[in-house]
């Protein structure tokens with residue numbers, strides 16, 4: 001007998017279970033006719049390409065400063081310069097180049113944090129969902145405890161204790177954002193477990209490890225991908241917030257959140273210094289969210305949710 | 001119902017205890033407390049004396065017991081930085097954060113519930129899609145950037161609202177919008193989905209067939225039923241908002257709990273940080289407990 | 001629902017229940033204190049700054065915000081005319097040197113503290129003797145440790161015994177050594193005093209709201225004949241706004257009347273606003289990089305090698321930083337002090353002009369051809385620190401910024417945990433080099449080099465009464481500090497003030513705004 005607070009996010013989780021084995025062709029057809037998915041995939045694809053090709057596409061060294069060429073406005077301003085399409089920052093560093101290299105940081109943090117939290121959350125969720133009973137009770141308890149901790153505050157405190165850096169931010173976020181993975185995979189595993197082919201595998205005497213790896217995991221993969229996109233977006237926003245508060249990625253790294261923090265003193269008279277990285281963050285996160293929503297819709301049993 | 005309530009309360013107490021341990025450990029991980037209390041100029045002897053005086057030479061379990069006993073009486077010790085009791089600091093800052101949270105939640109609900117209802121009524125039309133787009137955009141916007149943009153537009157350019165501080169109710173408008181906006185998408189989606197479910201249910205169809213006016217159906221049947229899960233979500237969101245207000249308070253220089261936490265972290269004032277973590281966690285635990293009990297009372301299906 | 005503590009009424013004992021009750025009562029009432037209306041119409045001058053002193057007792061914080069409060073709320077024995085530098089009688093009407101280590105002072109009659117207690121020689125003796133005790137745990141030791149003891153010698157006189165001759169004594173008595181009320185302080189203790197401070201100065205503190213504001217009103221019974229005169233503006237309020245942009249926006253929208261330390265770019269923009277006055281003035285504050293010479297933060301620190309420290313010194317284009325970032329009258333400094341302080345000189349002091357090629361060569365010679373990773377801690381003017389990091393990166397040194405609050409920065413520095421510290425020092429506005437080098441190079445807690453030769457020279461300079469000898473000793477010390485590159489002086493800091501155009505305000509180079517001398521324009 002387990003007690004699960006109804007306020008756990010699963011009560012609101014909108015992630016529908018994918019059909020047992022959805023043919024790739026159907027998914028592809030649905031994907032191509034799903035506007036949000038296409039836009040999301042386009043945005044994410046573009047950002048990934050930019051991040052990978054940063055050294056090729058960035059017009060300047062993102063760290064090269066020239067204090068005599070500070071705060072040049074972007075090209076669409078009267079005083080803009082072709083040499084610096086998005087202008088320069090307070091130390092005369094090329095804003096476009098910093099923005100391009102900044103995408104590497106956002107993606108790196110989003111991916112690594114989602115990987116770590118995904119590993120933790122999925123392990124907990126699958127165990128709880130598969131075994132039920134006591135295991136489920138313990139996992140639910142751990143998730144409830146984790147949800148009670150204020151994420152931003154704990155992340156800030158941890159980062160300050162260890163010292164803010166890219167690695168620390170990834171680890172802290174990875175170890176904090178696993179709750180949704182656990183909740184969703186738990187629910188998904190329970191549903192899959194009740195299906196015939198799992199019962200058949202059990203009857204055939206397969207080991208639990210093998211059942212989990214071969215029968216359960218592949219069937220909850222779509223739900224996992226959806227949560228992973230959400231948590232990637234979440235981690236990217238949190239990194240920006242931590243860096244904005246001075247306890248995330250440290251200068252001179254060109255994190256977008258840090259760029260907003262550094263541009264803040266200039267926002268009243270040079271608003272573009274915070275608008276540009278802010279919009280970049282918005283677009284990337286929007287893209288990831290659209291992609292996630294798209295994947296959910298496409299893999300949902302009755303098509304659009 | 002009673003059985004459910006007792007079990008649910010037991011879980012809450014257990015979680016509270018676990019969080020307390022975590023928050024206690026946070027303080028102890030922050031470094032040697034005796035050295036911190038003694039200050040940077042203390043001699044080894046003074047530090048040793050303080051260690052004994054504050055019971056820091058005792059086993060960790062004993063220390064936790066003492067600490068928890070004091071914490072139960074709202075005594076979190078002294079701040080390392082200010083010559084004040086942590087409780088006094090919290091008492092002067094908590095109201096600001098709670099006010100911000102309440103207004104932000106009100107903003108979120110007042111916008112999101114009607115939006116969700118309208119979207120459900122006009123399912124799959126441009127209205128529905130716009131509402132959805134707004135909610136997707138809300139989730140993608142970095143809250144601190146949104147806050148800065150609000151300041152830029154409404155305080156500096158239009159000069160309608162003050163920039164920072166918490167002297168009057170006007171000071172709370174922009175931060176509440178910036179904080180509340182982030183909670184809107186979830187509330188809106190939940191209201192919309194709840195409405196859709198209720199609208200397609202038998203009794204609403206019956207009511208429609210009877211020819212009751214749509215407004216009556218909406219208020220008497222649909223909304224009342226759709227709102228139950230929203231209560232639970234609102235409680236959860238309120239808890240998240242208090243935790244997330246740290247960023248908004250920093251942007252708007254609101255001197256609430258979040259700002260205090262941020263500054264205390266920067267000053268290595270961990271007794272304060274620890275107390276804030278604990279207080280926020282307790283508020284969250286209390287809220288979700290209340291929401292669950294309320295939900296169970298309204299919807300017997302949830303009790304199993 | 002702010003907790004407000006009126007001066008003189010300090011809550012004592014345990015009030016846990018009440019506190020808990022307060023917290024609950026506050027839940028919905030929220031922080032709706034009466035709005036603090038700034039401006040001429042309300043005769044309230046609201047000034048904003050970023051940091052909150054941890055303790056309002058003038059000896060228990062070393063923040064500039066604390067110095068400002070101290071100057072407006074307390075009086076000192078002697079006053080220094082900011083224009084001429086002459087010492088004028090204040091709480092002491094006269095003073096005489098009995099010998100180089102004995103100073104007799106006559107204490108003024110008819111002065112009362114804000115709580116009504118009369119000022120007596122006992123207050124003076126108590127203040128100085130108390131701050132010298134280790135239990136007082138003051139944070140401004142360097143300002144008082146030249147004194148040995150103070151005794152009451154008559155109904156209106158005190159005698160200060162010095163540890164050794166200290167020619168700058170009068171400078172210190174006219175700045176960072178305000179007089180506290182003995183009886184009140186003994187009664188309420190340091191904590192009580194911090195929450196409800198009492199002084200004799202032109203403004204009286206009426207409420208302290210931790211983290212928010214300190215409210216003051218004019219001391220209408222301020223003693224007549226004070227060289228600084230009675231305050232003109234009725235109410236004064238110090239608002240703590242940690243965020244620089246919020247301060248600026250508050251000023252632009254009329255929420256506060258006065259801000260300072262406005263970055264040069266923004267100051268220029270604010271000049272366009274007709275409702276504001278913008279003022280630039282050089283201050284005594286000098287920024288410098290302090291190196292972990294002893295390798296305390298990191299045993300294998302590259303900074304232990306003088307060539308590395310010299311390379312860093314060559315790598316930074318201080319001139320370009322002055323011209324483009326600091327502006328407004330900033331000057332590159334080559335000796336670690338403010339050039340106009342007594343004893344501060346650049347004569348014969350080695351200088352490091354911008355020369356990245358030489359920096360790279362020195363690094364290579366020291367075995368760091370591929371550069372190295374290092375932490376750089378800073379606590380203000382983040383832009384300057386980031387520019388330094390940019391210059392270091394250009395010669396291969398990968399520095400990571402560790403941006404801290406001052407208290408944390410100071411503690412880390414004292415504990416030997418900083419590799420490169422971006423320091424700034426305003427010398428407590430004391431016009432004598434001892435106020436700079438005495439704190440950072442004379443073997444104290446904040447001395448990261450602890451070079452016996454430098455310490456000996458500084459001690460000789462600080463305790464000699466012969467000006468020529470003092471100058472010679474300081475020059476020798478400053479030369480050695482520069483040659484060994486224990487620290488790299490950056491430049492003097494201009495301060496940009498911006499305030500309501502209604503306000504008549506004059507800035508002084510000592511970086512202490514004198515609000516008692518400000519007035520509203522007619």
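Going from the start of the chain as shown, residues are counted 1 onward.
Cβ coordinates come from backbone N, Cα and C, glycine included.
Looking at B:98-121, B:194-217, the stretch flagged in TrEMBL as transmembrane segment turns out to be B:98-121. By the Cβ criterion (under 8 Å, sequence separation of 6 or more), the transmembrane segment (B:9-29) is in contact with the transmembrane segment (B:272-298), since 3+ such pairs are found. The transmembrane segment (B:98-121) and the transmembrane segment (B:168-187) are in contact, since at least 3 Cβ pairs between them lie under 8 Å (pairs 6 or more apart in sequence). Note: the stretches the transmembrane segment (B:133-156) and the transmembrane segment (B:272-298) are not in contact (fewer than 3 CB pairs below 8 A, sequence gap of 6 or more). Within the chain, the transmembrane segment (B:168-187) has long-range Cβ neighbours (under 8 A, six or more residues past its boundaries) at 99-101, 103-109, 111-113, 115-116, 134-136, 138-139, 141, 143, 146-147, 150-151, 154-155, 161-162, 230, 233-234, 237, 240-241, 244-245, 248-249, 251-252, 254. Same-chain residues lying 6 or more positions outside the transmembrane segment (B:272-298) and placing a CB less than 8 Å from one of its CB atoms are 1, 4-5, 8-9, 12, 15-16, 19-20, 22-24, 26-27, 30, 71, 76, 79-81, 86-87, 89-90, 94, 228-229, 231-232, 234-236, 238-240, 242-243, 257, 260-261, 264-265.
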